[in-house]
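For reference, TrEMBL has these:
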type   : residues : note
DOMAIN : 57-175   : domain 'Purple acid phosphatase Fn3-like'
DOMAIN : 182-286  : domain 'Purple acid phosphatase N-terminal'
DOMAIN : 298-513  : domain 'Calcineurin-like phosphoesterase'
DOMAIN : 538-597  : domain 'Purple acid phosphatase C-terminal'
SIGNAL : 1-33     : signal peptide
Amino acid sequence: MHFLFGMFVGMKGLRMIMWTILLVLAILHRASSHGIQPLSRIAIHKATLALDNLAYVKASPTVLGLNGQNTEWVTVEYSSPNPSMDDWIGVFSPANFSASTCPAENPRVYPPLLCSAPIKFRYANYTSPDYKVNGKGSLKLQLINQRSDFSFALFSNGFLNPKLVAVSNTVSFANPNAPVYPRLAQGKQWDEMTVTWTSGYGIDEAEPFVQWGPKGGHQQHSPAVTLTFERSSVCGAPARTVGWRDPGYIHTIFLKELWPNRVYTYKLGHRLFNSTYVWSKEYQFRASPFPGQNSLQRVVIFGDMGKDEADGSNEYNNFQRGSLNTTKQLIKDLKNIDIVFHIGDIFYANGYISQRDQFTAQIEPIASAVPYMLASGNHERDWPGTGSFYENNDSGGECGVLAETMFFVPAENRAKYWYSTDYGMFRFCIADSEHDWREGTEQYKFIEHCLASVDRQKQPWLVFLAHRVLGYSSDLSYAVEGSFGEPMAKENLQKLWQKYKVDIAIYGHAHNYERTCPIYENQCTDNEKRYYKGTLKGTIHVVAGGAGASLSPFTTLKTKWSLFRDYDYGFVKLTAFDHSNLLFEYKKSSDGKVYDSFRISRDYRDILACTVDSCPPTTLAS
């Protein structure tokens, strides 16, 4: 008996040890998959001066964008008399990154007083395998117009104690202040489209406006509003220190009273006070359908994409390697996409502000043509002591400022990033998972109002979106917590999803793809897997967090509600053919092909039908 008891305790202790190990591994992987910003690997504040007259860095061409381009390739040639494998090239913008650029509140006590991180970097031997032998190398680097000039610096001694060996000539765009990277978003009314862009022109230098109108029709000029933010606007390092970069000016215009589905053209403009004009190229978009309109409507949804570099820069830990593939697939299929939702973890700038320009440049072909709607994620918002629900450092000190300023969303208060938006037969309720969503909170009341106020006869397709998995996920990090989703979330929100008959809930945060059965209180409400006909009886939960950032593994535990899992990069697409038929597709970013799908076919009476915990009170009175 004592032996058996001891064996039982030993087995129980062993299970506890194994469970603890799994928990630690999951936490470590969560830290890895949710990323270390590559630029944070560089201890730029520890850089010392080691200029060598025999070393050089040369960049050409020196003037970019002579034909209006906002993206150009530069050749950088360099030489060092003492080459080593850990030498690297950093790209700096503004070109002057010396002590004179350091703010007074950020003093440095060692030369050369560098206080600005590079906007990108690459090892000196990246494309020059003989660099270690002959000390000569070259790189081709892609630059975007970011409102300032550029210089290239050769460092030795690696990233942790870098030594500045040589600095190049200056390179700049012909007009660094030009209006760039327009991004569309739906306004607060269905017939309103907003256009937001970035420039180097403040309102004391030029008047921002948009020339727009129906394609082939009368064009009008409408003024834009202008915002920016200061170093003091963000909350901590690195956003306030080595990651700081002047954000320029962010302009937004509200195009109103649009005709549904009509194609409009637009050009960004700035009227300088010497009466000259600066123009962007011409873009076009199709206005949104009116709520309830019966037409083909196609929606793409994903989370956690971030940005990647076509020249291979910044990928010290190879973190966002799926991002360019996702972007390329969306551009390739853009004629079959009407609106995009990027549900959190947008730039992965993590406090390095230069990265958000590179992100907006990457998505410009998409965001300039269709509404690009956002949800807030932990890498946009979370920072201790700033009101975020999760007290961590994931935003790198941004505390929501970049996302709230750089992109328009039709929220009542962009500091509270929850909102609803209608697109034809769809109603989307977008939650802000980084603010408290529990029952009784302001956001909970918003969620219920959004779900309750939709007319399902006109808008039958009801979709709930959030960054963190407020529903169901088999991601390893959630599984070892035992919650299979954010703790407390299902307990607080699933009664709302069930009561108001939410069709699909889609999340990011877990960097993989997963689809559940229609589910309520951990039980599948339908055993069908591909074709749902009639009353759905529960909500289908989808994780679509594999758009770009480093993938995260699933638990080996098998759950009855998990129908499809994929450890790969991809995105989802919803196609509403009419009020009765919806197609869901999961596509891989590598080839754009469909790897999972299902259909919903039903009539309005199927939405009205009673299911568990969704029946309104009835009376026996006649």
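Placed from the backbone N, Cα and C atoms, the Cβ positions cover glycine too.
Here the domain 'Purple acid phosphatase N-terminal' (182-286) is broken down by DSSP into helix, strand and coil counts: 3 helix, 55 strand, 47 coil. The DSSP breakdown of the domain 'Purple acid phosphatase Fn3-like' (57-175) into helical (H, G, I), extended (E, B) and coil residues amounts to 7 helix, 48 strand, 64 coil. In the domain 'Purple acid phosphatase C-terminal' (538-597), the DSSP tally of helix, strand and coil residues is 0 helix, 31 strand, 29 coil.
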